[in-house]
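Student: So TrEMBL says this about it:
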- 1-22: region 'Disordered' (REGION)
- 49-71: transmembrane segment (TRANSMEM)
- 91-111: transmembrane segment (TRANSMEM)
- 146-168: transmembrane segment (TRANSMEM)
- 180-204: transmembrane segment (TRANSMEM)
- 216-235: transmembrane segment (TRANSMEM)
- 255-275: transmembrane segment (TRANSMEM)
- 350-374: transmembrane segment (TRANSMEM)
- 380-406: transmembrane segment (TRANSMEM)
- 427-450: transmembrane segment (TRANSMEM)
- 456-481: transmembrane segment (TRANSMEM)
- 502-526: transmembrane segment (TRANSMEM)
- 532-551: transmembrane segment (TRANSMEM)
Amino acid sequence: MSSHPAGPAPSLPTWVPDGPPSGFDPVGATHRLRREHRWAERYDRWGDIYITVFGVVILLAFALGLVQFLAQGLREAAAESLVREGLAVVPGADAGSVLLLLALVAVASILSRMGPVAVDRAQGLWWFSLPVDRVPLLARQLRNRLGWIFIAGAVLWLPLGLSAGTASRNGYSGPPLDELAAGSLTLGAEFVVVGLLVAAGQVLHMRRVIGRGLRMLGVLIVLAYAVDAITRTAGTARFLTPGVWAGLPSAWPSTGSWAIPAILLLVAILGWMVVRPLLGRIPTSELLEAGGISGQAGNSLALLDARSLVGSFARGPRRRSHVRDLWPRVMPVRFTGSPVRALLRAEALVLLRSGSVAGRLLISLALLAGAVTAHGGGTAVVLGVAILLAAALAGQAAGAAAAEAARVPGLDSLLPLDAATTRRAHGLLPAIVSSVWGALAGTILGWALAGPGAPGQWILLAGIGALGGIGVAGGALRLAYRPELEWDAVLQRQMFGRGAGPLMGHAVHGLELMLIAVLPLLLAVLGAAAPAVLLVLATGLGVGGWFAGTYRRRSA
């Protein structure tokens, strides 16, 4: 064995990266690797697509039936308005444009909370801690979300667009197919443009500013519509020039023009070209925050947990406000001499410090005012739906403090009270708030039906509304303490085709008391019974609904 002197080690070429790796898209790489396996699973995927499409078609059929019922009632009972003459002066097209505009603002607000650019915690831990270009991965996720947003907007317009048709014994005659398709594409494109605007806000680190601005915009829209309706009713100078509401983007889908979706598509493409290269500027912390909200919202929808769904969109800690600091001084601790009064003070502070409670109460009253001032909104069908929706919205707002307490069950055990007394104490403040709301709602309806010359009708409807509000509070408490859905019972009944029963019972738990409590107010609007009978009925349903909603066994 010969030995040779060891020479110098051969020099290997060194590689120095010019910058962070580009084209980092692990999701795309995973899809390419699974492409051959996905072809083997094509039959399962086609089955899933068929089930999804079939379910969406069934939901659209129900939605179309409801919208068609309302539209048909408006057309047939346009001359049978319950409100006094000269009050319903706002065209129905303007009212519909305002409602759809508020829906667009709500979509933008939801997107501002969920991203729309977001990553989950696993992605943030494994991938976004690396020195890589994150633009391809974020662009893929944003593109997928915008695609689903477009589909949601396009599908949402179908029942609204088909409501313009008429149903009879001979069949259904609706709008032309090209106009319906143009409206669907227009609304879907508007949703995409809204999503791109919110994504641009993320790039500029203005997501929270946009969220606050959208809430203010919603309030301004409601106020502008209210002032416009008041000026029209009073016959004074118009607050807004004619055609303003009809020219808003929310009215574009009803035009049926193909030029509008083409322009919106061009705007979306230009917006994508501007936003996409800048996605890497979004901080990882903001991506993780939006991803956490999106994940919790998705899980809540899958489990039908409305309480967790509402909590996922709850705003974080606010900045210190001198106005909110005044409420504890108005209600000092020395006035709370008993556990019940201390609980009332705590829940009152929760309601006063929460801006959404007052907003929901005002929106519920504005819904009634908008219905009676819109042309065709004074019919029995529209007024009935408006009263029921307003009651559900006001009940949830009045029970907001009880819902917060229900999320932390251990808080009730800290009070030196038994379970039944604590539950009834939780129902006192909602009863006060909802009864005041009911009195205001009855006053609005009395003013719309009888006019300023019949104060007795106002007092009657205000009293019936106040009594009904007590029952609405019981429904709100029942909704706040709704038990968790027992999926074992659902799965067991699903084998026999009866799984929808527990799901429906869980969905309407608490809401049924709210709707039953306002039935006397609805009957009073329709003039279906004598005033004395309505007062007795309102008292029984209101007080009985409150005790039913606050009932709890002492051993619980």
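Note: Cβ is positioned from N, Cα and C throughout, glycine not excepted.
Context for these features, please: burial, neighbours, distances.
Tutor: With a threshold of 8 Å between CB atoms, the same-chain residues lying at least 6 positions outside the transmembrane segment (180-204) that come near it are 104, 107-108, 111-112, 115-117, 142, 145-146, 149-158, 160-162, 174, 210, 249, 252-258, 260-261, 264-265, 267-268, 271-272, 274-275, 278-279, 281-282, 286, 290.
Sequence-remote contacts of a segment are chain residues at least 6 beyond its ends whose Cβ falls under 8 Å from one of its Cβ atoms, and for the transmembrane segment (216-235) they are 86-87, 89-90, 98, 101-102, 105-106, 109, 245, 359, 362-363, 366, 369-370, 373-374.
Sequence-distant contacts of the transmembrane segment (380-406) (same chain, six or more residues past either end, CB-CB distance under 8 Å): 69-70, 73-74, 77, 80, 82, 307, 310, 346-348, 350-351, 354, 356-358, 360-361, 363-365, 367-368, 371-372, 412, 426-427, 429-430, 433-434, 437, 441, 445, 468-469, 472-473, 475-477, 479-481, 510-511, 514-515, 517-518, 521-522, 525-526.
Panel annotation: around the transmembrane segment (456-481), residues 391, 394-396, 398-399, 402-403, 405-406, 423, 426-427, 430-431, 433-443, 445-447, 449-450, 509-521, 524-525, 531, 534-535, 538-539, 541-550, 552 of the same chain, lying at least six beyond its termini, place a Cβ under 8 Å from a Cβ of the stretch.
Outside the transmembrane segment (532-551) by six or more residues, the chain places 420, 423-424, 426-427, 431, 460, 463-464, 467-478, 510, 513, 516-517, 519-521, 523-524 with a CB less than 8 A from a CB of the stretch.
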Student: Restricting to the same chain and to residues at least six past its boundaries, which positions have a Cβ under 8 Å from a Cβ of the transmembrane segment (502-526)?
Tutor: 82, 304, 380, 383-384, 387-388, 391-392, 395, 438, 441-442, 445, 449, 460-461, 464-465, 467-472, 474-480, 482-483, 485-486, 489-490, 493, 534, 537-538, 541-542, 545, 548-549
Student: Which sequence-distant residues neighbour the transmembrane segment (350-374)? Criterion: at least 6 residues beyond either end, Cβ under 8 Å.
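Tutor: Residues packing against the transmembrane segment (350-374) from afar: 83, 87-92, 94-95, 98, 215, 219, 222, 225-226, 229, 232-233, 324, 327, 382-383, 386-387, 389-391, 393-394, 396-398, 400-401, 404, 429, 433, 437, 440-441, 444-445, 448.
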